[in-house]
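Here is the structure we will look at.
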Amino acid sequence: MTAKIIDGKAFAARIRGAVACHVSRTKAKHGVTPGLAVVLVGNDPASEVYVRAKHKQTVEAGMNSFEHRLPEETSAADLLALVARLNADDAVDGILVQLPLPAHIAEAEVLAAIDPAKDVDGFHIHNVGLLATGQKAMVPCTPLGCLMMLKAEHGDLSGLEAVVIGRSNIVGKPMAQLLLSANATVTIAHSRTRDLKAVVSRADIVVAAVGRPNMVKGDWIKPGASVIDVGINRIDAPERGEGKTRLTGDVDFAAASAVAGAITPVPGGVGPMTIACLLANTLTAACRRHGLAEPEELTA
Ligand SMILES: Nc1nc2c(c(=O)[nH]1)N[C@@H](CN(C=O)c1ccc(C(=O)N[C@@H](CCC(=O)O)C(=O)O)cc1)CN2
C-alpha cells in the first residue's frame, strides 16, 4: 500500500479561510474584531519564525495582532505584569506566550497567570481540567489540528485503536483526551513502554510526539493505519552540502508510507495546522467573550 499524504499546508489554508470568513461576519454583524496578543521573550531563532508567522496570519485573517517582544533578561515579575495588562485589555481575546521561555522564568507560573478565557494555547490548568473532564475548553492547537486531520480522514473515530506516543502536557496528554472524547480506544505510550513495536502495530491511528528523529519504524505500522507525525526534528543533512540541516519527523516516513493508509509529512503536515488552530481558537475565544455563536466546525 502507498499511503495518502495528508497535506497539512492545504488543510491549514482551508481553516484560515474559514476563520477569515467568520471574522468578517463578526465584524460586520457585531462590530467585534478578534484580537490576539503574542508574547516573545528572548531571541530563540525558531520562536522568532513562528511569532512572525503568527502575526502575518492573524492579520491576513482580519484579526488584530498585538506583538510583545521582550529581551532575554526580562524578569518573571515584568512578564507577569504584562500578562496582567493583557488579561485586563478588552481588545485582547487571546493571549499566547511563546514557548520555550528563558530558563530563569518558570513556565508554569506564567501559564497559570493567563486568564483561562483568553488562554488560546489551552495550557492553563483550568482548561486542562475542562478538557480532561470532557467539558467545553480551550484546546491546545497542535492536538486540535491533529484531531481535525483524523476526523477528515476517518469521519467517526468511535472504537478505533489509537496509540499516542509521548506524554507531554502540550501534545501527548491533550491528544489522548481528544481521542478519548471522540470514542477511540486510547493507549499512551512513552519512553518506559515495553515492546513499543507491539503496541504501535495494533493501532488504527498512530500519533507520534516524542521528538526523536525517525524513531517509529515502518514495520511497526499496521497496514492501512493513519499516521500523524508531530515531531519536528532538525538533523544534519550532509547530502545538501557542508553544515546543512533539514527537518524530519518522529516517523521513518519512507518506510511508514509504504504501509500506512494515510500519513502526514514533515515539514508540511502537523506544523502548519498549529498556527491555523491558534487563529481558530482566537476566534472561538472572541465569540465566547462576546456571547456570539461559536464556529462549531473550528472547535473540537
Ligand atoms: N505557546 C506555544 N509555544 C509553542 C507552541 C505552541 O503551540 N504554543 N508550539 C511550538 C512552535 N509552534 C508554534 O508556536 C510551531 C511549530 C512549527 C510550525 C510549523 O509550521 N512548522 C513547519 C516547519 C517550519 C520550519 O521550516 O521550521 C512544518 O512542520 O511544516 C508552526 C508553529 C513550540 N512552541
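From the backbone N, Cα and C atoms, a Cβ is placed for every residue, glycine too.
Whatever TrEMBL says is automated annotation, not expert-curated.
Annotation comment: TrEMBL describes 6-121 as domain 'Tetrahydrofolate dehydrogenase/cyclohydrolase catalytic'. As annotated by TrEMBL, domain 'Tetrahydrofolate dehydrogenase/cyclohydrolase NAD(P)-binding' applies to 140-289. Annotated NADP(+) binding site per TrEMBL: Gly166, Arg167, Ser168, Ile232, in sequence order.
Less than 6 Å separates the Cβ from ligand 1 in the case of Ile232, drawn from the binding-site residues Gly166, Arg167, Ser168, Ile232 in sequence order. Listed in sequence order, Leu247, Gly249, Val266, Pro267, Gly271 are the same-chain residues six or more apart from Ile232 (NADP(+) binding site) with CB atoms under 8 A from its CB.
Within 10 Å of the Cβ of Arg167 (NADP(+) binding site) there are 18 other Cβ atoms, across all protein chains.
For Gly166 (NADP(+) binding site), the count of additional Cβ atoms within 10 Å of its Cβ stands at 23 [all protein chains shown]. Maximum intra-site Cα distance, NADP(+) binding residues Gly166, Arg167, Ser168, Ile232: 16 Å.
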